[in-house]
């Protein structure tokens, strides 16, 4: 009976612990999915602006004695103007907000007036719509403020055409537009104002949650090393960690995000150290999983005859080692710092330390522990205050609080095209996009008129939106397809909801509010789901207006498909920005930045002196004894180059992920995906090389300088290759970059104090072992980009 009770109690305790872990993991992933809560704020801003403007406009109409038709007209136009202004206005200071709101109000008035005046002349109205489309995109060259102005003006013009207000109603429409823009600007400046310091704190919380999510994915990989999905999840978490770190760096550009007298450079170093630590942990776990898989394969054969020195370490002890690593990961995940240090210390025992990925894991885990302890103790902010304020040069310029799109790289790719009178290389990027958007809108109107003259503007809207936030041919195509698919999903959902809701207007209005929130909440995540929720909102609106019908929804899908098809055709025919050219430019920029970073590191190492510290990597990135002699300015410059390289790697992956991959026309897809993955690894290792070069490990820093220069030369050579897939294979009898770097490291020797090296491998002089290992990993990665003859 006692045994049964004990077993039952253990089972309940285990279930409670599992439930607790799942809850913590789910909460971490939710927090990490929205760094700074920007998407949540975006959705709430849309709902609050829309609902309050509707109430305000209805109140104004009642106070001025407007009839029901005029009231509905003023409410709809005012609500659309306020909604678009509130969701596109991203200024955070009162004065810029007021200026943008005033300009947007003027643009909205011009847009709606031009619609009302030309509405009676059909051909003129269509031509005016195309002109307004061109101007709305063209003015984006003047900055984010003018994106808002142009978009609000375009929406006002469209709804002026859609609602067909009579000329006599124009004064009231103008008043409703002024009320809407004034109210939306007041909301954004007060109730919906963004606190940059609070946003930065939330981003740090999201970063720590993302690090814990990565640790959880590491545990999943060790638990199921044969499941490919587990590895894919881990790689996705590592990428997400880098994106949160870049977002943090961009937020540092706003001085209001930091307390008075705090150095942004110190926070940049801290965030890069956290990113490096997470990368090292994730990479080492995947290496350990590979070793376990190899061990299982060898276990099916006779290991007794292996005879290799490392067979024992890679043999029966691998599972025991992975269990020890898992225990350390659990303590890291729960932020039990003392227990985590004890678990990591266990990994330094000879039975585990002989497995090379364990050493990499320990270096990364110790760096992560140090970074967490520095933040929670307030040491990071204390050091930042000691360094004081300085002129901070942001690397990442956020767009509306989000990471930038590929527009900059696409512009460089277009500039590199042959210059001819018909070439987009002669035009500014915004002019090119304005021509494309206007052409697509005109084409959509012509075709849409053939289907349904009264609804042809729906096709034009679909064409216009296709070019918003898309820069290359693939991005535009993917956005058009996502919009069509999202509309289809939304229509199916709208029909199903209509059957359930029926004539219950309060329920329909509530669903509209929820749908508006979800539309803007997922806007940065998925075009498909954004359009799906927006279509549901429109379906409920038709239900409230008593115009809902299956035929109307099918017509909307048809017009959307026409607009999407027009956008796809135009993006490939009229002044195209090929996605493949953009990826080539991104690859060249990334490799050039890697080369510059390695050259800069070599110069710093040449000016350094042998470290005198004996703490190994335990204090990597944060110690002061025995540190390299790099000046604070040099360190700041190096870390700035690291962040720039990280952003280039993200842009490369962004361009690759957006590509359309038809199987019959893209035979290079698998190879290109491999090259992009290798380049991201090279960027990650290059970042860790800088951290190791500046850490206080003992050794001769000058011994690593020639290795850095050799790697820099190889990176520049690869950057100059027009297309990596067209490289001539290197001769097999000549050493590649990996062999050349290995020979240099062997000649210089590898230095360690013994704590970081298995017995018998320690040498008193040479390259610090952590730096040597990372330089070799970088050489191995670059070597994969050059094919070799068998």
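Heads up, the Cβ atoms here are built off N, Cα and C, so glycines get one too.
Remember, TrEMBL labels are computer predictions, not curated facts.
Residues annotated as transmembrane segment in TrEMBL: 46-65 (among others). Tertiary neighbourhood of the transmembrane segment (46-65): same-chain residues 71, 74-75, 78-79, 82-83, 85-87, 175-176, 179-180, 183-184, 187-188, 191-192, 513, 516-517, 519-520, selected by CB-CB distance under 8 Å and a gap of 6+ residues from either end.
The transmembrane segment annotation in TrEMBL covers 71-89 (among others). Sequence-distant contacts of the transmembrane segment (71-89) (same chain, at least 6 residues past either end, Cβ-Cβ under 8 Å): 42, 45-46, 48-50, 53-54, 56-58, 60-62, 97, 100-101, 104, 108, 112, 147-148, 151-152, 155-156, 159-160, 163, 165, 169, 172-173, 175-177, 179-181, 183-185, 187-188, 192, 400, 516, 520.
If you look up TrEMBL, you'll see 96-115 (among others) marked as transmembrane segment.
Feature annotation from TrEMBL assigns transmembrane segment to 121-139 (among others).
The feature transmembrane segment is assigned by TrEMBL to 146-163 (among others). Non-local neighbours of the transmembrane segment (146-163) in the same chain are 73, 76-77, 80-81, 84-85, 88-90, 100, 103-104, 107-116, 119, 125, 128-129, 132-133, 135-140, 173, 177, 181, 457, 460-461, 464, 468; each lies 6+ residues outside the stretch with a CB under 8 Å from one of its CB atoms.
Residues or ranges marked as transmembrane segment by TrEMBL: 169-194 (among others). With a cut-off of 8 Å between Cβ atoms, the residues of this chain six or more beyond the transmembrane segment (169-194) that come close are 41, 44-45, 48-49, 52-53, 56-57, 60, 66, 70, 73-75, 77-79, 81-82, 85-86, 89, 91-92, 94, 97-98, 100-102, 104-105, 108-109, 112-113, 116, 152, 156, 160, 401.
Positions annotated as domain 'Integral membrane bound transporter' by TrEMBL: 443-570. For the domain 'Integral membrane bound transporter' (443-570), residue counts in helix, strand and coil come to 108 helix, 0 strand, 20 coil, using DSSP.
Feature annotation from TrEMBL assigns transmembrane segment to 484-502 (among others).
According to TrEMBL, the transmembrane segment annotation covers 508-541 (among others).
Taken from TrEMBL, the feature transmembrane segment applies to 553-575 (among others).
According to TrEMBL, the compositional bias 'Gly residues' annotation covers 609-618.
Annotation comment: TrEMBL describes 609-631 as region 'Disordered'.
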